[in-house]
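First comes the structure, then the notes that go with it.
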Amino acid sequence: MGGTILRKFGQQVVWSTSARVIFAMLQLGVTVLLARSLTPAEFAFASTAIALLMIMIALNGFGIIRQIEYRRSLDAEDPELPLLFIVRLRYSYASGVVWALGCLALWLVVKDGRFLILLPAAIWLVIEQITQVWNGISIIDGKSHLLIPSYVSRRLPQVLCLAAGLHLGLDGLSCLVTGMVIGALISYVQGWFTQESWARALRPISIKNRAARVGLDIPYWFSQVGEQVRDLDVAVVALVSTSGAGIYALPARLVRPMNLVTQAGGMVAFPHMVRRPKVSRRQLCLFLAAGTVPVLVASLAVFLAAPLVPMLVGTDYVDSVPVLQILAVTALLSGPSILLCFFLQARGRSAVRSAGLIMLIGNLALLPCVYLGALNSGAIGAAVGALIGQGLIFVALLARGFFECGVGVGLRGPRRSSLVTADEGKPK
């Protein structure tokens with residue numbers, strides 16, 4: 001029995017890790033091709049726009065996606081799952097409208113055509129939030145193999161569009177947005193056939209029992225927001241120098257996919273940690289050690305290969321080499337930080353709250369560190385500031401994780417910080 005469970009867990013880790021590796025390689029391809037298509041200042045603008053899209057996803061939904069994963073881990077037939085998805089869908093549509101209106105408003109105010117180019121990304125924004133829920137359900141249900149077609153369909157069109165644009169001399173930002181929209185539509189179509197009927201809903205009003213209440217996981221939401229807020233580091237460096245922001249942005253985006261494999265292990269382990277009454281410090285250390293191996297290998301490879309960056313993207317980015325090496329070291333701290341966050345989110349209410357506050361406050365504090373570093377030593381100083389900020393986050397999460405070890409938690413109900421109804425779709 002135990003061997004069967006362990007074997008199934010191992011299979012899910014392999015599938016999830018393989019999917020994340022493929023996703024990371026495609027994302028690296030997108031980053032390199034985009035950098036080759038744009039000047040450093042333009043690359044910084046594109047990176048900031050993508051960061052804002054990801055922040056909107058994090059801000060949107062107030063942790064409902066984790067409620068879906070949490071409930072699915074405990075009861076695959078939980079009657080509130082359809083309601084949770086509908087509320088999430090409402091927030092997804094709302095975010096798409098906000099993005100489109102925001103792009104139009106900025107275009108009217110500053111007369112910059114790049115904001116019109118970014119407008120269709122609203123389609124990607126809506127679909128991305130739906131497919132994120134689907135991928136989470138696939139992992140919980142032990143169907144991690146479904147992640148591979150999802151990730152490939154989402155990123156491969158971006159690579160192909162950017163490559164074609166680079167060859168034909170087209171605008172890099174336009175090619176990126178086109179690839180994002182095409183990839184989103186393909187991923188939605190191929191994923192639609194693998195989902196239950198309630199997860200395929202398109203109309204957010206088509207649900208029974210509208211009076212039901214849905215718990216919003218605000219502490220988890222803090223973790224999501226904190227994780228994405230750190231991507232504003234490029235915008236912070238741009239306050240000092242737009243060209244310096246581009247020099248910093250390329251390494252920052254190159255190291256970002258390094259932790260995708262670490263996230264894969266954490267996501268697969270999440271439902272198992274939810275069901276485990278207690279976790280010892282030894283078990284936590286083993287979890288961290290095993291999960292950090294991939295990012296350790298990747299960090300070492302990136303550190304040694306950093307001098308090749310100018311050959312890949314051009315001599316405009318020659319100053320990015322030391323920045324990339326510093327951020328490769330930073331990834332060694334962000335990897336285990338992600339795992340610690342997963343661990344705390346699988347425990348009791350107090351642990352989830354602590355993880356959320358540490359991630360939010362820590363990443364907000366990281367931004368001034370980056371700014372002060374950029375002010376004193378340019379892009380290299382910004383990278384050192386990011387390293388210091390990430391180190392503080394890791395220490396805080398590790399201390400809270402050790403404190404949580406040995407604390408018993410039973411099968412818990414939904415963690416509720418506020419309530420919404422399906423009719424209202426807003427905090428009550």
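Even glycines carry a Cβ here, placed using N, Cα and C.
Among the features that TrEMBL reports, transmembrane segment is placed at 21-38 (among others).
Per TrEMBL, the feature transmembrane segment maps to 44-65 (among others).
Summarising the annotation, TrEMBL assigns transmembrane segment to 91-110 (among others).
Residues 26, 29-30, 33-34, 36-38, 42, 45-46, 114, 117-118, 120-121, 123-124, 127-128, 130-131, 149-150, 153 of the same chain lie 6+ residues outside the transmembrane segment (159-189) yet bring a C-beta within less than 8 angstroms of a C-beta in it. Per TrEMBL, the feature transmembrane segment maps to 159-189 (among others).
Among the features that TrEMBL reports, transmembrane segment is placed at 284-306 (among others). Outside the transmembrane segment (284-306) by six or more residues, the chain places 17, 254-255, 258-259, 261-262, 265-266, 269, 321-322, 324-325, 328-329, 331-332, 334-336, 339-340, 343, 401-402, 405 with a CB less than 8 A from a CB of the stretch.
Long-range contacts of the transmembrane segment (326-344) within the same chain, counting only residues at least 6 positions beyond its ends with a Cβ under 8 Å from a Cβ of the stretch, are 223, 227, 251-252, 254-255, 258-259, 262-263, 265-267, 269-270, 273, 279, 284, 287-288, 291-292, 294-296, 298-300, 302-303, 306, 351-352, 354-355, 359, 380, 383-384, 386-387, 390-391, 393-394, 397-398, 400-401, 404. Annotated transmembrane segment per TrEMBL: 326-344 (among others), in sequence order.
Positions annotated as transmembrane segment by TrEMBL: 356-374 (among others). Beyond the transmembrane segment (356-374), the same-chain residues lying 6 or more positions past its ends with a Cβ under 8 Å from any Cβ of the stretch are 218-223, 225-227, 229-230, 232-233, 236-237, 239-241, 244, 248, 341, 380-386, 388-390, 392-393, 396-397, 400.
Feature annotation from TrEMBL assigns transmembrane segment to 380-403 (among others). Long-range contacts of the transmembrane segment (380-403) within the same chain, counting only residues at least 6 positions beyond its ends with a Cβ under 8 Å from a Cβ of the stretch, are 230, 233, 236-237, 244, 248, 251-252, 281, 284, 322-323, 326-327, 329-330, 333-334, 336-337, 340-341, 343-344, 351, 354-355, 358-359, 362-363, 365-367, 369-374.
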